[in-house]
Amino acid sequence: MNDTWRSRLKEISHITADPFLRDFHKLHTNDKEQIYSILHNPDNVVEQTFKNTIIKSMEESMFRPLIPTQQMKRRQNDHHNQGPPPKVQKSTVDSLKSQHQIDQQNLDWFLSQPLEDLEVMTVPEQYPLTVPAVLPLAELYYLTQTLASIKLLPGSHKVLMTENFESALAEGKIAVLYSRIEELKRQGKWSLRQPQKFYDPFKFIRKSKKKSFHWDYLLQEGKWMADDFRESSKYKKWCCVVIAEAVEQYWKGRKVSHQTFVDVADLKKIDKSIIRNLPVYTGLGGDSREPPIATVSKLVYPAEDNHWYKIALKPHHHHHRHQTTHQGLFGSTRKYNTLKPPKPPTPKNIEYRIPTIWLPEDDKRLIHYVAEFCFNWDLISEHISSSSTAVSLKKYESNIERRTPWQCFERYIQLNDKFQFSDMKGVYAYHAQQWLEQAHRAQSTTKRRISPLGVGPESVQRGNRKLRWASMFDAMRKAMKKREIAAAKVNHRKSTAELQANQNVTEPKPNSDRIPTPAELSRLKFERDKTLHENHINQQATRARMVQAVAKPAPAPAPAPPPPPPPKPVKRPTTPNGTPLTNEQIQHLLQMQKHRRMLQQQQQQQQQQQHQQQQRRIHFPPAQVSKVINDIQQQNPGLSKDQVTKLAAQYLASLSQQGYGVPSSPVPPHQKNQTASPMSGSPNNA
């Protein structure tokens, strides 16, 4: 082989040793067999060698930090010089330790412990030994908003891996998820259990372009059921065969005796150890073990798991149950108890409120019921009232012993030293706060106690009975006063109603419930317009006469005829004080006088009409009225009873206006055409 081929082979070996040309000294292998193998080996072997070399160099370059060119040259020169290895300077600070030292110390501590105090576990290699910190979703959202990885990645000075970008994408997903959850919570659409979304089978199949429908799936399940029934019948037959074979074997071999127990001495050493470790089933003892949450089969490793396992050492806890401070989702403890106040009474006359008296037994009972019923003040009030201290007074309950829901709440917050207004939540929280503040102001200004009063047994024996009787008499006095006020109101209302009835006897009240007809409304409108028009004309005439009387000069006396007697001067109307009236007042006075005259004329006309009607009115006897009705019914048999009655009334009214009565004999033929003509019409004319 000449030098040209040898140099080319060295270049190829250099490429295989350093594909990315990171070695500036152009090193190559000196192994002649490896160089000649490139020539003698097949092409696929040489190609695979190149691939492996390139992959190995890529893996090394990915985890190798970026080193400047000058520093890399210096390191390679130092490596070629092969000087003495540098000494590693150890830190003089005891608190600074490397990770290797910490791991070694932990291992030494575990090895020094006795085996009874350790738990040796085999864990898959990919599982971490320590559980990572679990952060709530709100904290993760806060971290993604303050220190977002997507903002830190562009300015990073280190090599970025795929895991870094995946964590940044996961943070973005967490932010979107948290914001969506909070939005659903505000709308009241978020629950702990999300139901599966319903898909319409026909729409879903049409979108996914499937050819199978619900009926196809139903037929497929029917085939499965048929196969299942067929196999179940085969299984039953097989069970019968097994039982028959067992019975046959029993009757054939019952003369031969078999040993029903095992002698431990005949067993091997391994079998003896297995029997020795078998659990012994005895009666129930005092030491009971809590069943695990997961099944036992989940603790057994799969038989076909070929992954590597690592050994983990853990301190052994001798107590059976692990006491933890973390509560589950439906735990009994809460962060804080929400205090929901009941509906407060009205703050009217709050300064006259009588304080309630609470004994030590009542306070204990109140605290017990509050813890039992969890601030359900209605139930608390019922239970405390049923077991009240007033034994002798069963039908009467004084104000100082009354136990309403609000009084129970007021006494509870008085016993609670750590109570704050911010602890109250619910519908009546604001109203309760306003009531308590107003009661405190009234108590400080009036110097009178309003809040509940807690007393001891010695104070109860002295004054409780007097306070009870005083409260009873006070309640009786208030009840009597209320009755007197109610009776006085009723009597005053009756006297006022009687006086109004006496005044309005002559004035009949119009029927306010009756709705006027359109004809009546049009008539009233016509009368109103007519009255207004007449008043306007009268005002203009009166104004013209007054202007003529005031402004027109007196005519000169004629020389021929003798002078008439001088007319009396027209005096201008004045007030009782002598002040002359203005033109507007005079017009108003004239209008009132005219209106009074018109009313007098209308009354006179009405009286005259009533007098004339009384004179013209003719009283018909019942026999004549019935005779007229019968005649009309005979002449018009097709009319109804109401129509016949109306025709008879019209006929009698026309007779009364003409001034003569009904003849005693039947109506003659020549008068029938004159008088009975309105009765012989059709019902439509009637």
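Numbers run from 1 along the shown chain.
Even glycines carry a Cβ here, placed using N, Cα and C.
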Looking at the ranges 71-97, 341-367, which is given as region 'Disordered' in Swiss-Prot?
-> 71-97
Feature region 'Disordered' in Swiss-Prot, mapped to one of the ranges 443-467, 493-517 | 493-517
Predicted model, mean pLDDT over the domain 'HSA' (202-280) | 82
